[in-house]
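Copied over from TrEMBL, here are the features:
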- 14-436: domain 'Citrate transporter-like' (DOMAIN)
- 224-269: region 'Disordered' (REGION)
- 27-45: transmembrane segment (TRANSMEM)
- 57-79: transmembrane segment (TRANSMEM)
- 99-126: transmembrane segment (TRANSMEM)
- 133-153: transmembrane segment (TRANSMEM)
- 173-195: transmembrane segment (TRANSMEM)
- 290-307: transmembrane segment (TRANSMEM)
- 313-331: transmembrane segment (TRANSMEM)
- 343-362: transmembrane segment (TRANSMEM)
- 382-401: transmembrane segment (TRANSMEM)
- 406-424: transmembrane segment (TRANSMEM)
- 444-461: transmembrane segment (TRANSMEM)
- 468-488: transmembrane segment (TRANSMEM)
Amino acid sequence: MLVALGLGMVATFMVLIITKRATPVVALILVPVAFGLFAGAGLGISDMITDGIKDLAPTAAMLFFAIIFFGIMIDVGLFDPVVRAVVRAVHDDPARLVVGTAVLAGVVSLDGDGSTTFIITTAALLPLYLKLGVSPVVLTVVAGLTNGTMNILPWGGPTARAASALNIDTNDVFVPMVPALVAALIVVLLFAYHLGVLERRRIGKLEIRDSILAPKEEVLVGAGGGTGLPPKGRRARGSGSTGTGSGAYDDAPTGDHDLSRPVAGAADDDRDASFSGVLDPNRETLRPKLFWVNAGLTVALLAILGADIVAIPVLFMIFAGIALAINFPHIKQQQEAITRHSSSIVSVVAMVLAAAVLTGVFNGTGMVDAIAHWLADGIPDWMGPHMAIVIGVLSIPLTFLMSNDAFYYGVLPVLSETATRYGIDPTEMARASITGQTVHMQSPLVPAILLLVALAGVSLADHHKKVLWRATVVSLVMLAVGVLVGAIPF
């Protein structure tokens with residue numbers, strides 16, 4: 001009963017999201033409540049949801065202040081040199097831009113935090129996507145694939161969870177999987193190049209207006225914090241390389257359109273106001289005299305983040321306060337700085353807190369435990385010697401449908417105990433279990449991906465249409481290479 005309700009709950013939620021019959025916030029709240037009541041939770045569902053909120057409240061706080069901090073850094077022009085460097089490297093070629101997105105996301109992902117990766121990548125590259133007419137869906141797909149693949153780093157979370165759940169050493173899990181990680185990243189780069197070529201064919205090779213390559217004192221990222229929304233005069237539509245789903249633009253330039261000339265487009269969206277100054281070198285929020293101060297502040301934040309010596313929400317709260325005080329000393333300026341990013345903050349934090357309803361009901365009703373034991377009991381004896389492959393394949397859908405905590409602390413130990421009967425070491429099970437992380441990162445239960453699509457102005461459904469099959473391929477390649485190099489037994 002609980003197994004059927006759990007799987008039915010997730011399936012109903014995904015159908016509503018993919019078919020765009022409900023917003024993520026509405027689906028994340030109402031679907032779990034309905035299924036939780038069917039499961040007999042009664043008034044106890046309130047405590048379950050409260051527990052879920054307690055678990056995700058630190059994440060919501062982190063995203064709230066991370067958006068403010070990095071939004072301020074965009075406002076004051078910290079990332080403008082990065083944009084300028086990318087422009088020179090891209091040479092107006094969408095294919096180079098998309099491959100560069102994968103490279104930048106991979107480098108920033110070394111800090112182990114998906115939210116930071118997506119904020120920096122979007123801040124640096126989204127203006128170029130908009131100016132070149134490249135679909136922002138391509139940005140979310142490539143950034144999501146890259147960060148999801150890099151998520152198996154020892155300090156990224158899943159590997160540490162798998163190791164702690166089975167009482168083994170993290171390095172014993174990760175080091176043998178390095179060849180598999182490299183192979184998966186190569187596949188991600190190939191996907192990025194292919195998407196870039198498709199975009200090149202769709203829109204042609206464009207000229208970026210000269211003002212983007214302005215002198216150092218000019219600034220490249222727009223006023224309003226660059227929250228990742230389309231600029232005025234462009235209404236989002238289309239998707240990926242074909243430009244037919246969400247993410248391309250009704251007035252996207254084609255051929256050799258000169259981007260220095262305004263494009264006649266559809267009516268403005270309300271949200272466009274926060275991004276109306278994309279690549280504007282004259283915005284009032286610039287702080288060129290504080291460039292190195294802000295750079296040092298950002299480096300310090302990332303260093304402390306990597307050292308893991310301060311709780312991440314507390315870290316971003318403190319640094320957001322410092323950034324506001326340094327760059328906008330007057331109360332009115334500080335209020336305006338926060339307000340500029342309010343739309344992104346509200347949408348992301350609302351989705352995170354709504355996700356707490358699903359995770360709370362999923363765990364509180366016992367659905368996770370029921371599914372774990374159902375899987376263990378349902379595996380036939382002849383598959384026992386291949387349990388590592390089984391957990392690797394199962395990690396692809398299960399980590400998408402449930403949180404990492406639920407999978408690694410609820411499902412993995414049960415299946416690992418079964419595997420030991422067939423002589424499979426827990427370390428080998430842990431290695432196989434992390435191969436599904438590229439798909440996991442695309443889950444609506446992952447706050448970072450909700451942040452990414454919100455910043456890029458892309459719907460979650462359109463992101464999923466382009467990313468899920470590619471993420472599955474990457475995960476399967478990682479699993480296959482892990483088997484080939486002997487890290488995972490066949």
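Even glycines carry a Cβ here, placed using N, Cα and C.
Annotations in TrEMBL come from automatic prediction, not curation.
Keep in mind it's a predicted model, so treat the numbers as computed, not measured.
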Contact check, the transmembrane segment (57-79) vs the transmembrane segment (290-307), 3+ Cβ pairs under 8 Å, seq sep 6+: yes
Any contact, the transmembrane segment (444-461) to the transmembrane segment (173-195), with at least 3 Cβ pairs under 8 A: no
Distal contacts, the transmembrane segment (27-45) - CB-CB under 8 A, six or more residues away: 1-2, 5-6, 8-9, 12-13, 16-17, 351, 354-355, 357-358, 360-362, 364-365, 367, 444
Rounded mean pLDDT for the residues that make up the domain 'Citrate transporter-like' (14-436): 79
Intrachain neighbours beyond the transmembrane segment (468-488), with Cβ under 8 angstroms and 6 or more residues off its ends: 141, 144-145, 148-149, 176-177, 179-181, 183-184, 187-188, 191, 388-389, 392-393, 395-396, 428, 431-432, 435-439, 441-442
Residue numbers, six or more beyond the limits of the transmembrane segment (173-195), whose CB comes under 8 Å of its CB atoms: 95, 98-99, 101-103, 106, 138, 141-142, 145-146, 149-150, 152-154, 159, 162-163, 240-241, 427, 430-431, 434-435, 438, 470, 473-475, 477-479, 481-482, 485-487
